[in-house]
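Visitor: Dropping the structure in here first, questions after.
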């Protein structure tokens, strides 16, 4: 998934989440079970304009309450979600998303933002989340590259927390 982020704009997301259609409209991504320790993680964080499952569910419930029907491809709006281990989702991924949001919305920078999910074999849960954010305007140039292992304790795999102090937007 690659998007260009600009202040005041939201962007549609197309992802490589596996088999989302079979999961229906509940916003529970493949590999996540109700009550398990995994999070329903955003591929494009809500703070960056990504869809939010609670908003989508509220819209769906209201449509049905009003006697309407949901379109057959409604599941596509839920493609922004993936099963993430809690620590991989927050603080690991959230720290990077927050820093990119700071650059876009507080510093007015334009950023090309890419998230690639790595899957092992036939697993429905990504093994790694790779984030790349590059400014496409102004100086100084900013480049953020993070590869976050989707494991319960990323620090055990040698991953260290993203260092926000290493980023200078202006």
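Just so it is clear, glycine is given a Cβ too, placed from its N, Cα and C backbone atoms.
The feature domain 'Type VII secretion system protein EssD-like' is assigned by TrEMBL to 60-134. Taken from TrEMBL, the feature region 'Disordered' applies to 132-170.
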Visitor: For the domain 'Type VII secretion system protein EssD-like' (60-134), jot down how many residues DSSP puts in helix, in strand and in coil.
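Guide: Split into helix, strand and coil, the domain 'Type VII secretion system protein EssD-like' (60-134) gives 32 helix, 20 strand, 23 coil.
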Visitor: On the 0 to 100 scale, where does the mean pLDDT of the domain 'Type VII secretion system protein EssD-like' (60-134) fall?
Guide: 87
